[in-house]
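Trainee: Below is a structure I'd like to ask you about.
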């Protein structure tokens, strides 16, 4: 028995580890270092209906415990992804989770309808942190009603299960989780980046051209752990957790808080072998701790009071 295997809606994972969207591109650079088939899944870069060139530079800044980015969803667009990136990924035995983004509800629907038909796309990840240009630029993921409607409309057209990526930049992330669950979400991914800023000490000006950026890396892990802990006790939806994962013990923490799988983001920039190294170490932990399955760790921080199911393979 594979003691790392996980079964989630639409996803048969050989292990619970995957690269987070935006930190792995479409995997081409990392395929030079290891076989991508070793991964549990791949969350590809966000895809929008039309190609996007992203925000002006500088759009990345290092912080003491992570990094800020304001890439602006730079991507080659839906047609290119369908014709080039997804076909290239079929050579690997790994399920693809397609990250879907847009500026309007219609954008999300159009992208989801098409990208969910790709043979290796087994689930969608809705990036609801995008601003809704038809609603004054308010992010889809900050209003429960809007998030619920977006989820429901995408579910109507998607050929595969839909996971919703929750933003931490809200008053209550639990309220957002329950809203997208009502909209029919099959799972959750959390958390997206926290809004932050870094200043140039000589000028006092923001270093990033966009002024603010998304904070990721070890600095956000305590926030993410708390949010996974809270949400997992209010919903039975499976959670793919992310935020500051550096090693296998960070994965143990997220599973203990109630997650079913874990995505690795910024650490891929630090160490391109981060994901396979974590997978190898998780196998050692299962043996050394004499676990029947890696999900024996799931939810142990809150005992039997949460709602999250086991999801063993």
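Placement of Cβ uses the backbone N, Cα and C atoms for every residue, glycine included.
Annotations in TrEMBL come from automatic prediction, not curation.
So TrEMBL lists the following for this protein:
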type     : residues                                               : note
ACT_SITE : 130                                                    : active site, nucleophile
BINDING  : 21, 45, 46, 99, 127, 165, 191, 217, 243, 244, 265, 266 : FMN binding site
BINDING  : 45, 69, 70, 71, 72, 73, 127, 192, 193                  : substrate binding site
DOMAIN   : 4-285                                                  : domain 'Dihydroorotate dehydrogenase catalytic'
Trainee: Out of 72, 243, 265, give me whichever of these binding-site residues has the highest number of other Cβ atoms within 10 Å.
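Mentor: Result of the Cβ crowding comparison: 243.
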Trainee: Need the DSSP three-state call for residue 127 (FMN binding site) to compare against my parser.
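Mentor: Its secondary structure by DSSP: strand.
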Trainee: Under 8 Å Cβ to Cβ from residue 191 (FMN binding site), same chain, six or more residues apart: give me those in sequence order, or none if nothing qualifies.
Mentor: 166, 167, 168, 173, 220, 223, 224, 227, 228, 241, 242, 243
Trainee: Pop the Cα-Cα gap between residue 127 (FMN binding site) and residue 193 (substrate binding site) into the table, whole Å please.
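Mentor: With distance taken Cα to Cα, residue 127 (FMN binding site) is 11 Å from residue 193 (substrate binding site).
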Trainee: How far is it from residue 45 (substrate binding site) to residue 127 (FMN binding site), counting Cα to Cα, in Å?
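Mentor: Spelling it out, the Cα of residue 45 (substrate binding site) and the Cα of residue 127 (FMN binding site) are 11 Å apart.
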Trainee: Calculate the distance in Å between the alpha carbons (Cα) of residue 265 (FMN binding site) and residue 70 (substrate binding site), and round it to a whole number.
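Mentor: Cα-Cα, rounded: 15 Å.
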Trainee: Which whole number of Å gives the largest C-alpha distance between any two of 21, 45, 46, 99, 127, 165, 191, 217, 243, 244, 265, 266, the residues noted as binding FMN?
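Mentor: Farthest Cα pair among residues binding FMN: 20 Å.
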Trainee: When you average the Cβ positions of 45, 69, 70, 71, 72, 73, 127, 192, 193 for the substrate site, which other residues in that chain have a Cβ within 8 Å of that mean position?
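Mentor: Other same-chain residues with Cβ inside the cutoff are 22, 46, 129, 214.
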Trainee: When you look at 45, 69, 70, 71, 72, 73, 127, 192, 193, which the record names as binding substrate, what is the longest CA to CA distance in angstrom?
Mentor: 16
Trainee: Taking the domain 'Dihydroorotate dehydrogenase catalytic' (4-285) alone, what is its mean pLDDT?
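Mentor: Its mean pLDDT is 97.
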